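Feature annotations, reproduced from TrEMBL:
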- 492-584: domain 'DYW' (DOMAIN)
- 143-173: repeat 'PPR' (REPEAT)
- 174-208: repeat 'PPR' (REPEAT)
- 246-276: repeat 'PPR' (REPEAT)
- 278-312: repeat 'PPR' (REPEAT)
- 313-347: repeat 'PPR' (REPEAT)
């Protein structure tokens with residue numbers, strides 16, 4: 001008996017073969033210990049259920065379980081734990097439901113925890129809610145670990161309101177509960193709240209110190225918002241706590257600085273890392289350089305990566321292609337695209353989209369169209385929109401109509417698609433076609449995606465919509481805009497009113513352009529920061545031609561560096577010039 005216990009204990013740290021498990025099972029059966037010693041049977045089930053081999057071992061565990069006459073809660077939980085970790089976590093949910101129907105009820109707090117972890121992996125919100133109700137009914141609500149698991153599953157399935165409610169109701173919180181909600185808010189398009197919660201944790205977290213997981217969530221939120229100053233504070237904390245020994249944390253810092261518009265700081269972190277770089281590190285830096293239009297440095301880094309014997313992956317190539325795209329290095333980009341095969345990589349739709357955009361921007365529309373037709377997969381909506389945008393730039397009516405027709409067939413009803421086609425027709429004075437497009441917009445009830453911009457002042461994020469008057473300083477902002485518009489006119493600026501689709505007067509068109517969200521954000525930055533302070537703006541859409549011209553002039557008139565991150569890339573305006581060299 002003692003020999004058996006010793007053997008089972010030793011086996012707990014071993015990865016046993018299927019044949020060894022069967023031998024052990026046979027010994028328990030022939031000796032009668034399988035039924036006489038329930039703990040031995042349970043241990044054997046555990047060895048199978050949590051085996052790294054998974055698959056057959058897990059099936060064997062379930063088969064062993066069925067041979068137990070009166071399985072205990074521990075027996076149920078052992079199989080449930082294994083199923084929750086397997087590639088099909090929905091099996092764990094089904095097991096939990098079967099267990100819940102067993103008489104008498106067998107579930108305990110651990111049962112609910114394993115089942116909730118399976119829900120998180122399967123993104124099973126409805127089942128998680130049902131388990132939550134059982135947690136309350138069984139009186140497990142005071143279990144902090146279970147509450148944290150519950151919070152985590154709500155955050156992962158995107159139900160942030162329920163996650164927040166669980167967090168607020170917790171009597172005591174550990175580091176994992178704070179981390180789960182911070183990550184959930186950051187990933188659930190509520191990055192402002194994620195940053196606020198991170199600050200709150202440091203102030204009232206009961207002595208808890210942010211760890212690697214905490215700062216990853218907070219840095220992700222900073223990246224989304226372009227919250228450079230908050231991100232810089234977090235980076236300082238990371239250095240103080242030696243969290244920069246973790247490569248994942250370093251990668252997140254590089255990504256944050258890159259997405260906040262400070263590529264030099266990103267490169268500084270990249271160059272001085274104490275830990276070994278991985279493929280994600282190289283990719284993050286290459287993409288940051290590409291988005292800032294520094295294609296030469298991005299391609300040089302791509303070359304250095306290969307010299308360091310780090311094999312490029314699909315993301316590496318996408319970053320390098322984006323660099324070529326934003327800098328107009330057409331032939332280099334095309335060569336890069338076709339060289340993917342050398343690394344055994346098959347281009348995906350994003351790679352095709354990038355090379356089509358590259359050719360389209362350069363006016364090589366027919367080549368771009370031929371690549372679209374040669375794709376081994378179906379082109380997506382974004383790809384046809386890319387071709388439509390290039391057709392508008394070069395006034396190619398036939399190509400614009402082809403792309404527009406494809407978009408209609410795919411069910412796209414984006415306002416931008418109609419606007420681009422209408423502008424192509426307008427440029428050729430085909431007013432009947434312009435009217436037809438506008439009627440189609442009305443008939444389909446096409447809604448324009450509202451433009452909005454963020455800017456950070458003294459660690460606080462301010463959001464502006466087009467024509468926004470909700471900000472507490474909106475009167476001061478509009479006064480500043482009047483000053484800007486007056487100075488612009490003295491420089492010879494004329495508003496690009498052809499960009500406004502609506503049937504309104506010329507003066508009204510100018511007003512529409514004057515109050516675009518990025519202009520409001522820049523005006524707020526001018527009245528809220530000292531002379532010489534860079535102004536950062538994050539915009540959800542691509543910057544329009546008029547705003548691009550205006551901000552270039554503003555950077556010169558007011559002697560300010562203005563960094564704008566739009567949906568596609570960064571624009572660094574300084575002394576009346578833009579880093580994109582008017583190629584975007």
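Any Cβ shown, glycine's included, is placed from N, Cα and C.
What TrEMBL says about a protein is an automatic prediction, not a curated fact.
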Other than its close neighbours in sequence, what residues sit by the repeat 'PPR' (246-276), given a CB gap under 8 Å and a spacing of at least six beyond its ends? 212, 215-216, 219-220, 222-224, 226-228, 231-232, 234-235, 238, 284-285, 287-289, 291-292, 294, 536, 563, 565, 570, 572
Taking residues 6+ outside the repeat 'PPR' (278-312), which of them lie with a CB under 8 Å of any CB in it? 247-248, 250-251, 254-255, 257-259, 261, 263, 266-267, 270, 318-320, 322-327, 329, 332, 343, 345, 565, 569-570, 572, 579-581
Structural state census, the repeat 'PPR' (143-173) (DSSP three-state): 23 helix, 0 strand, 8 coil
